[in-house]
């Protein structure tokens, strides 16, 4: 998980359809230090029809998530990528202060009602009921964090989370 600006791109002639290699200037790394302490290139499929993403060169800073495979960072349409200035204040605070509190939690998407958590370390993601992807209210304004005795729940707020109570207004 990084914040980066794309400074170049090159179509690589590997595979049947090619791979796009974006050169990035990494501004900040939020996760993945142990695997790759610095990211210089991001790889994606050359075509959007193959789940490749299109990033603009020298225009925006992006939040980019992905996976490391054989020493290279890959991203695609199923990963979270967004122009940095389009992130909500809650998402920025989540990246800097809250999301790491949920590393022991699992987010279970809810596609239709009723939805239930099957273990104490799950948060039910209801954005899928009305909005697809990362654009829903829950994704924009809440963080799934681990609370007392390993229970996970949604948190929204400006102060550090109180691990002794659960806000009944959270989804």
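Glycine too: its Cβ is placed from the backbone N, Cα and C atoms.
What TrEMBL says about a protein is an automatic prediction, not a curated fact.
Taken from TrEMBL as is:
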DOMAIN    1-103  domain 'NTR'
DISULFID  105-152  disulfide bond
DISULFID  110-115  disulfide bond
DISULFID  123-144  disulfide bond
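Sequence-distant contacts of residue 110 (disulfide bond), defined as residues of its own chain at least six apart whose C-beta falls under 8 angstroms from its C-beta, comprise 124, 125, 126, 128, 129.
Here the Cα atom of residue 144 (disulfide bond) is found 6 Å from that of residue 152 (disulfide bond). Over all protein chains present, the Cβ of residue 123 (disulfide bond) has 24 other Cβ atoms lying within 10 Å. Cα of residue 123 (disulfide bond) to Cα of residue 115 (disulfide bond): a distance of 10 Å. Taking the Cα atom of each, residue 115 (disulfide bond) and residue 105 (disulfide bond) are about 17 angstrom apart. Long-range C-beta contacts of residue 152 (disulfide bond), restricted to its own chain and to partners at least six residues apart, with a cutoff below 8 Å, comprise 102, 104, 105, 106, 120, 121, 122, 123, 144, 145, 146.
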